[in-house]
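Can you keep this structure in mind? I'll have questions shortly.
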Number of protein chains: 2
Amino acid sequence: MSSVITPDSLNWLYRGTSEIFPSQPDSNNPEENLEKLIEKSDRPLRVKLGIDPTGTDIHLGHSIPFRKLRAFQDAGHTAVVIIGDFTAQIGDPTGKSEVRKQLTSEQVKSNAENYLEQLRPILDFDTPGRLEIRYNSEWLKELNLAKIQELLATMTVGQMLAKEGFAERYKQENPIFLHEFLYPLMQGYDSVMIDADVELGGTDQKFNIAVGRDLQRHFGKKPQFGLLLPILLGTDGSQKMSKSLNNYVGLKEDELSMYSKLEKTPDAIIKDYFELLTNLPLDQLPENPRDCQKLLALEIVTQFHSQKAAITAQKTAEDLVKNKGTGATDAVPEYDLSNVEFPAKLFYILNASGLCGSSGEGRRQIQGGAVRLDGEKISDVNITFDNLEQLSGKVLQVGKKKFIKLV
Amino acid sequence: MSSVITPDSLNWLYRGTSEIFPSQPDSNNPEENLEKLIEKSDRPLRVKLGIDPTGTDIHLGHSIPFRKLRAFQDAGHTAVVIIGDFTAQIGDPTGKSEVRKQLTSEQVKSNAENYLEQLRPILDFDTPGRLEIRYNSEWLKELNLAKIQELLATMTVGQMLAKEGFAERYKQENPIFLHEFLYPLMQGYDSVMIDADVELGGTDQKFNIAVGRDLQRHFGKKPQFGLLLPILLGTDGSQKMSKSLNNYVGLKEDELSMYSKLEKTPDAIIKDYFELLTNLPLDQLPENPRDCQKLLALEIVTQFHSQKAAITAQKTAEDLVKNKGTGATDAVPEYDLSNVEFPAKLFYILNASGLCGSSGEGRRQIQGGAVRLDGEKISDVNITFDNLEQLSGKVLQVGKKKFIKLV
């Protein structure tokens, strides 16, 4: 979203990016230039992104900085994913925050693994040198009072209270506990310890990333760049995506659920979704808004499942919608496979279920390319299934209007 | 200075005391009662007082809480003197404060020893079980981030900013560095670690001592009592005693310097000086203000030197003042002992120096009790000195007006 004219070769850097700081290019400070650093560096940059392992379910909103991280990986750089296990294991010492419940190291490890597993479709886990996963307890548990005092002394109360979040709470006389001032410093110290060149985060992370720059400078290191990404609106198109508002799409959702939510993406935010959640060229999107929605849904389901699954989900969803017209939301007709003797040819089932008037019509429909099983076109006229389990739960379809659920 | 009627047996507790908190007796909270604790405890109480070993010269203002500490010792309790070596060795990480210069552990140790040496005239160093000296690095250097987070979480930013000193600085937008919030917590944690029953301090220490109570409660211990003592005004009678204002009396000053400063104590503050710096009964002080000043000066010089030294100082000072009238501040006549053949009788020196008209007059003056050597009355008519060193530098005096310095 930068308005600066940049080389096409850096499109991956600017796509969907809210802000890079120090700004690019910065004539006041020509030395600090991320573009130059990316172009000239003779080593992979170290690009930091932190994970809070207190929760387990992540949604598309969380995925945005990871998609940018992947873009850095693809450009040859090293993603350094920081698992914030130290804080999670301490929890909130005031015991007042449900969000900061104290977790055991096993819980944290399990959460972190779960989190990383969900990132598999996004990040490059396999190319050597492209991914480093670090637990910040590695260095934070070693900090003593002298070092912590040194960290604290780099900032004033006024600077800390100017931070978004703190400022309002202080003004409204809502208590801010002193240990809360540690969190930005701990996050910043992570940058010192892993020698981050760039830190990614949502726009709400600007303060913390800037603290990282200050601390790196304090410890005689080169300060990182901050790259901020927008906070994603939810599928309602109005509020920040969040589980509690039920306007989210979880990365672990099944293809049909994911598709169904995304194909209703409001027009007002669909361009942002394309920009932030896909790599499709934004100037080649369909003109028809409905086609746009479908393309978005297909594309994102494909990322997290497969193209095949996406197409099936699309079909199923469309069929479900069509049947809504009949007044019955659950009106997909079912056919009970227990009447079928296995192994069975598909054309036989087309006949037996009533989708076709005869086995012969079934064969002709398959030959004509009109038959799909869970959205996938069947081209083998003699396709045979060995048992009920191969078909149970799938949707069998002839042409655009006739379908049945096999149970 | 408490207006509460208390048993005479606790006079030592209340003399000069500004405040005890929780207050005594506290009907709202009858359990928390220092008087009762003192009367009923079956073990010596642990009475804490901290020393900042960044400076070396201490003055009468500093001595006040140590005098109270001695009163606790005399009542059978244990003085726990905390040497704040941890903070002194860190210094001020911002490097902005001259006061909090970073010191080596050798410097800290030497400062602490020097400090303690100056307290010898005040504290009971000898009775077993009455004095414990602890360096707080013993526990503070062991603190890790988890524990420090726990300490910080016991307080809010609002509570900390309400502290005298912070409040004004924050209002005036003078920077308060975050690590400054650690100091009250570190001092409070000292109370936790040494199981303090009482902490002594100046009235400016109320906040820090209260933090100690909170932390003790947090760690499941019985909170200490705070006993606050006034900040002493300087010899100018108007501003807090301080070296930089040159209105101080240092504990290491020689007797004449100490005497000369104290015998000019302004009337407006002399009663406070008696109350805070001596154990004399306040209802038996001389009525004549000049006598009061002299008594105060004699009494305090006696504490830090000896009665003999105090008397000599008084004489010397008086003589100096008298001679001021002649226009010569250094007009004490001298007598050169190198003219004397040792061993020598004192009555001979009285004659030779011209203080008496003959050796016989010298003998008679000694017999009449009019002769003093360095303020000490000489009664032995035949007193003999073996060599020059026994007399050199001393003041020899006959009656109230005639005196001479032997050199």
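Yeah, the Cβs are placed from backbone N, Cα and C, and that goes for glycine too.
Heads up, TrEMBL stuff is auto-annotated, nobody curated it.
Pulled these features from TrEMBL for this protein:
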- A:53-62: motif ''HIGH' region' (MOTIF)
- A:240-244: motif ''KMSKS' region' (MOTIF)
- A:LYS243: ATP binding site (BINDING)
- A:330-404: domain 'Tyrosine--tRNA ligase SYY-like C-terminal' (DOMAIN)
With DSSP helix as H/G/I and strand as E/B, how many residues of the domain 'Tyrosine--tRNA ligase SYY-like C-terminal' (A:330-404) fall in helix, strand and coil?
22 helix, 18 strand, 35 coil
When you measure from the Cβ of the residue listed as 'ATP binding site', which residues in the chain that are at least 6 apart have a Cβ under 8 Å away?
A:ASP57, A:HIS59, A:GLY250
As a test of reading the model: what is the averaged pLDDT for the motif ''HIGH' region' (A:53-62)?
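Mean per-residue confidence for the motif ''HIGH' region' (A:53-62): 88 out of 100.
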Let's see if you can do this one: DSSP helix, strand and coil counts over the motif ''HIGH' region' (A:53-62), in that order.
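Residue counts in helix, strand and coil order: 3 helix, 1 strand, 6 coil.
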